[in-house]
Amino acid sequence: MAISCAVGMEMQEPKMNGTLSTGAAAGYRQEREGFLPTTHGPAPGRKPVQFLDFEGKTSFGMSVFNLSNAIMGSGILGLAYAMAHTGVIFFLALLLCIALLSSYSIHLLLTCASVVGIRAYEQLGQRAFGPAGKVVVAIIICLHNVGAMSSYLFIIKSELPLVIGTFLHMDPEGDWFLKGNLLIILVSLLIILPLALMKHLGYLGYTSSLSLTCMLFFLISVIYKKFQLGCVVSHNDTVVESEPAPLQAFNSSCEAKLFTVDSQMSYTVPIMAFAFVCHPEVLPIYTELCCPTQRRMQAVANMSIGAMFIMYGLTATFGYLTFYSTVKAEMLEMYTQEDLLILCVRLAVLLAVTLTVPVVLFPIRRALQQLLFPSKAFSWPRHVAIALILLILVNILVICVPTIRDIFGFIGSTSAPSLIFILPSVFYLRIVPADMEPLFSWPKIQALCFGVLGVLFMAISLGFMFANWATGQSRMSGH
């Protein structure tokens, strides 16, 4: 339900040496009780701190759709593979931990935004560390989202020729107009670019709801195929028939692992982290949320993360219990191309990732504008040029780079822990003043430990990944 929002009184500039204006301090106290939503209202006679340069018009439900769509992405196709290399119980435990940690990190971000009245990720970096912090944050956001956009276009590049070839009864490898490189350029120009040129993110909520519907159809189909196929695989690990599996196949391949650790953890854990990154999109969605408060936005985040945790868990579990240890990094490759239901699933996934690209493009453009044009008014030529240049660069990357696996692993091991763990924790330590939270208070100790956890996660993941690259295990595993 859309509600008309009133903008609160102007907030004074906070000081970084430990003091806040009365209005800002009151607003901070109202919002700091915890990262789960509560029923406490604003203190009597006080107005909550509001963002002043934009009056949000996006409803609560549409914001949930936008953030859910920002969370849900190409990583969902690799979660069954991640479960195959961690085990059912270990995977679900890791997935739950990452979901809870993501919610906590959003709490840290929203607290910082409420304290200083800033709702742009890169501006929080500037407030915490000056111009250098702004540049570092902008670079991390751009790299992560370029990686996300690349993974979406990789899916289009690999799946769209198969879909069109199936409809036209043609060989995708033999006809020049079915080449993936040509098709991603056409999709980028005809579909993605027009959506990316919208001025406000809220309008994309309608495409977000459609995208989430497509991925829900993907989940339902994976569950259905589990019960239809059982565990039937051919010698090349691709499902060929819809008949019960022979006993020997079940004995050799169809045994679920509850807990396991192997060298592919260097890819599986980053895939899970990559699957929950939505932090660059949180503050833009917060800006456009109608009647924005920290509790209201935290409720949006909790609902979105909870829904995606359920969807991820079900998809990974039923996908893994269909293919077990033979499952590939992109689960759709396991199904036969002639299956009508899977053909519809491929269409749904293609539609979902295509409509997600414009949502991911928004924070990249915001970061570049804050970095390169901080004092410039809105300009349509600049708005269009940034979107066009970004799409050109990502298309070149997708055309030149042959595999999606190392992008998943590298982005999930570098920018993902930076955005989930490290940046929110250091922002909290630097921005929240000492008179609100002393340096050795429990919330700041928690934030410090959270940041250290992110550094350890990054170091361990990169260490395993570089070891795999050095020994050639990545290539031998088909990456």
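Using the three backbone atoms N, Cα and C, a Cβ is placed for every residue, glycine included.
Listed features, source Swiss-Prot:
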{"type": "CARBOHYD", "residues": "Asn236", "note": "N-linked glycosylation site"}
{"type": "SITE", "residues": "Thr471", "note": "site 'Involved in pH-sensing to the transport activity regulation'"}
{"type": "TOPO_DOM", "residues": "1-58", "note": "topological domain 'Cytoplasmic'"}
{"type": "TOPO_DOM", "residues": "82-97", "note": "topological domain 'Extracellular'"}
{"type": "TOPO_DOM", "residues": "119-135", "note": "topological domain 'Cytoplasmic'"}
{"type": "TOPO_DOM", "residues": "157-176", "note": "topological domain 'Extracellular'"}
{"type": "TOPO_DOM", "residues": "198-202", "note": "topological domain 'Cytoplasmic'"}
{"type": "TOPO_DOM", "residues": "224-264", "note": "topological domain 'Extracellular'"}
{"type": "TOPO_DOM", "residues": "286-302", "note": "topological domain 'Cytoplasmic'"}
{"type": "TOPO_DOM", "residues": "324-341", "note": "topological domain 'Extracellular'"}
{"type": "TOPO_DOM", "residues": "363-383", "note": "topological domain 'Cytoplasmic'"}
{"type": "TOPO_DOM", "residues": "428-446", "note": "topological domain 'Cytoplasmic'"}
{"type": "TOPO_DOM", "residues": "468-479", "note": "topological domain 'Extracellular'"}
{"type": "TRANSMEM", "residues": "59-81", "note": "transmembrane segment"}
{"type": "TRANSMEM", "residues": "98-118", "note": "transmembrane segment"}
{"type": "TRANSMEM", "residues": "136-156", "note": "transmembrane segment"}
{"type": "TRANSMEM", "residues": "177-197", "note": "transmembrane segment"}
{"type": "TRANSMEM", "residues": "203-223", "note": "transmembrane segment"}
{"type": "TRANSMEM", "residues": "265-285", "note": "transmembrane segment"}
{"type": "TRANSMEM", "residues": "303-323", "note": "transmembrane segment"}
{"type": "TRANSMEM", "residues": "342-362", "note": "transmembrane segment"}
{"type": "TRANSMEM", "residues": "384-404", "note": "transmembrane segment"}
{"type": "TRANSMEM", "residues": "407-427", "note": "transmembrane segment"}
{"type": "TRANSMEM", "residues": "447-467", "note": "transmembrane segment"}
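Contact between the transmembrane segment (384-404) and the transmembrane segment (136-156) is supported: at least 3 Cβ pairs lie under 8 Å, counting only residues 6 or more apart in sequence. Contact between the transmembrane segment (342-362) and the transmembrane segment (98-118) does not hold: fewer than three of their C-beta pairs are under 8 Å, each pair 6 or more apart in sequence. Contact counts against the transmembrane segment (136-156), taken as Cβ pairs under 8 Å, peak for 407-427 among the stretches 98-118, 265-285, 407-427. Secondary structure of the topological domain 'Cytoplasmic' (363-383) per DSSP, as helix, strand and coil residue counts: 14 helix, 0 strand, 7 coil. With helix defined as DSSP H, G or I and strand as E or B, the topological domain 'Extracellular' (82-97) counts 13 helix, 0 strand, 3 coil. Sequence-distant neighbours of the topological domain 'Cytoplasmic' (119-135) (same chain, 6+ residues past either end, Cβ-Cβ under 8 Å): 16, 51, 109, 112-113, 141, 279-280, 282-284, 286-287, 292, 363, 366-367, 370-371, 423, 426-427, 430-431. Around Thr471 (site 'Involved in pH-sensing to the transport activity regulation'), no same-chain residue six or more apart in sequence has its CB under 8 Å from its CB. Under the three-state DSSP scheme, Thr471 (site 'Involved in pH-sensing to the transport activity regulation') falls in the helix class.
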